[in-house]
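> As annotated in TrEMBL:
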- 14-201: domain 'Cation efflux protein transmembrane' (DOMAIN)
- 207-281: domain 'Cation efflux protein cytoplasmic' (DOMAIN)
- 16-35: transmembrane segment (TRANSMEM)
- 79-100: transmembrane segment (TRANSMEM)
- 115-133: transmembrane segment (TRANSMEM)
- 145-168: transmembrane segment (TRANSMEM)
- 174-193: transmembrane segment (TRANSMEM)
């Protein structure tokens with residue numbers, strides 16, 4: 001019952017954060033153009049990406065209740081990678097636009113409404129701060145990741161507030177576009193890193209937190225294990241991993257030896273974060289039907 005309550009609360013928190021962020025993003029785009037602040041527009045682009053992240057997280061939170069089926073035998077966890085790709089593409093496209101606008105305003109400075117910027121910055125800190133607070137105590141990975149992302153937004157709005165206060169007392173035109181460039185370049189840097197990690201998982205790279213050679217070495221040390229081949233390790237979505245391997249056995253006299261070896265292999269694999277693993281044992285006289293003889 002406690003787990004079910006936590007799962008329902010997770011969905012409610014993500015839903016609340018999504019609608020708060022989306023409504024404020026729309027307001028940011030309108031307000032940013034109204035007060036003529038490229039820094040606010042750059043934050044709006046960032047918050048649009050956050051809204052997509054929150055919407056995707058909320059959708060996946062509901063989708064994750066569905067187990068594996070005939071269509072998706074591993075379940076729906078891998079759907080989160082698609083969400084990450086969509087978010088990254090949107091943020092990159094938006095960031096390129098903001099950089100183009102910001103550079104133009106540095107070359108041809110324009111007046112920004114500092115008073116309007118201050119009002120938006122205060123609202124931005126309040127809205128993102130409240131959303132981050134609601135998700136800060138979350139148990140799910142979605143809630144934790146989104147909470148940290150929203151906390152970054154709060155810091156971004158604090159920076160906008162500081163610049164707006166400076167502009168209110170002294171009209172330094174390049175401050176607004178310069179801040180938007182810094183915010184956007186920071187966003188781009190993080191998006192590219194996240195996109196790189198997402199593509200690595202998509203291409204079924206070996207998870208960086210697991211040493212495949214170490215696992216192979218431990219299995220080879222088991223008595224009567226002569227070699228491994230067709231050994232594969234990949235991640236469903238960056239958290240839950242899959243391991244498969246063909247294990248060649250020698251000097252097997254009875255079925256009990258195979259059962260013992262399998263149990264030893266399972267004990268080794270328990271030390272790692274595997275959501276699923278498959279072990280196929282082959283005897284000396286058996287020939288593997290697959291062509292590749294990788295170790």
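The backbone N, Cα and C atoms fix where each Cβ goes, and this holds for glycine too.
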> Thinking of Cβ pairs under 8 Å, which stretch from 16-35, 115-133, 174-193 has the most of them with the transmembrane segment (79-100)?
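Looking only at 16-35, 115-133, 174-193, the most contacts with the transmembrane segment (79-100) come from 174-193.
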> If you run through the domain 'Cation efflux protein cytoplasmic' (207-281) with DSSP, how many residues end up as helix, strand and coil?
24 helix, 28 strand, 23 coil
> Where does the mean pLDDT land for the domain 'Cation efflux protein cytoplasmic' (207-281)?
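In the predicted model, the domain 'Cation efflux protein cytoplasmic' (207-281) has a mean pLDDT of 92.
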